[in-house]
Amino acid sequence: MVNLILFGPPGSGKGTQSAKIIDKYGLIHLSTGDLLRSEIANKTPLGMEATKFMDQGLLVPDEVVIGMISSKLDANPDARGFIFDGFPRTTAQAEALDKLLALKKTAISVVLSLEVPEDELIKRLLNRGKTSGRSDDSSEDVVKARIVEYHNKTAPVADHYAKFGKFRKVKGDGSEAEVFDLLCKELNELVAEKV
Ligand code: B4P
């Protein structure tokens with residue numbers, strides 16, 4: 001089983017590249033951002049709670065996202081592997097994920113971190129905000145708040161996995177195709193393409 005974390009700041013291309021990776025390698029995609037947006041669209045109590053944080057560019061509380069991931073892991077017992085997109089975003093989430101995977105006798109295989117300069121991140125997110133209708137892409141202040149949350153709470157997750165020799169940086173500011181090629185070079189060592 002191959003379990004990949006696609007890591008990086010907001011707008012670094014995690015969602016964009018995940019779509020290409022699941023297509024090529026047949027992994028199950030678990031995006032906490034997508035799961036939360038679906039809860040919001042369905043106006044569930046969890047969604048109503050999450051939107052209060054997301055609208056301000058803040059992270060949603062750990063227990064909410066850990067619970068969502070746990071039930072998705074249980075729902076896919078026959079997966080050949082998972083791609084975690086936007087999760088874990090705090091050290092507490094990383095520790096919880098390690099425990100959940102250990103219960104299933106598996107572990108994170110590698111963390112691939114998309115490295116993109118901050119001015120490019122801001123440009124990409126504000127550009128998406130023009131058409132996405134996403135409240136968290138709509139103003140430069142909220143986009144910058146998301147980047148601050150990343151530095152304060154998410155960047156330490158890199159150290160958590162670097163300790164185990166599982167953290168690798170990938171240049172994320174080329175074209176979508178160039179970034180995908182670099183990710184495939186890393187992944188081809190670990191997982192066969194789906195047939
Ligand atoms: P997410 O949905 O995870 O997403 P993201 O950080 O906005 O961006 P991503 O890196 O996936 O970028 P994308 O490919 O879309 O998070 C949203 C919010 O949900 C968080 O701020 C938080 O509030 C909450 N949340 C989610 N998970 C959580 C967790 N675990 N704990 C707590 N809270 C959580 O690309 C962005 C744009 O760039 C797109 O427009 C794309 O077209 C463009 N782009 C991508 N690659 C490009 C390239 N190579 N060149 C040019 N443009 C590119």
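Cβ coordinates are placed from backbone N, Cα and C, and glycine is handled just like the others.
Whatever TrEMBL says is automated annotation, not expert-curated.
Taken from TrEMBL, the feature ATP binding site applies to Gly11, Ser12, Gly13, Lys14, Gly15, Thr16, Arg128, Gly174. In the three-state DSSP scheme, Gly15 (ATP binding site) falls into the helix class. Neighbour count (other Cβ atoms within 10 Å of the Cβ, all protein chains): 15 for Gly15 (ATP binding site).
Residues annotated as AMP binding site in TrEMBL: Thr32, Arg37, Leu58, Leu59, Val60, Gly86, Phe87, Pro88, Arg89, Gln93, Arg134, Arg146. Note on Arg89 (AMP binding site): other Cβ atoms within 10 Å of its Cβ, all shown chains, come to 21. Under DSSP, Arg89 (AMP binding site) is assigned to coil, being neither helix nor strand in the three-state scheme.
Tertiary neighbourhood of the region 'NMP' (31-60): same-chain residues 14-15, 18, 68-69, 72, 85-87, 89-90, 134-136, 141-146, 148-149, 153-154, selected by CB-CB distance under 8 Å and a gap of 6+ residues from either end. The region 'NMP' annotation in TrEMBL covers 31-60.
Ser12 (ATP binding site) has Arg89 as its nearest neighbour among the binding-site residues Leu58, Val60, Arg89, going by CA to CA distance. Sparsest Cβ environment among the binding-site residues Thr16, Thr32 (other Cβ atoms counted within 10 Å): Thr16. Considering only the binding-site residues Gly11, Gly13, Gly174, the Cβ with the fewest other Cβ atoms within 10 Å is that of Gly174.
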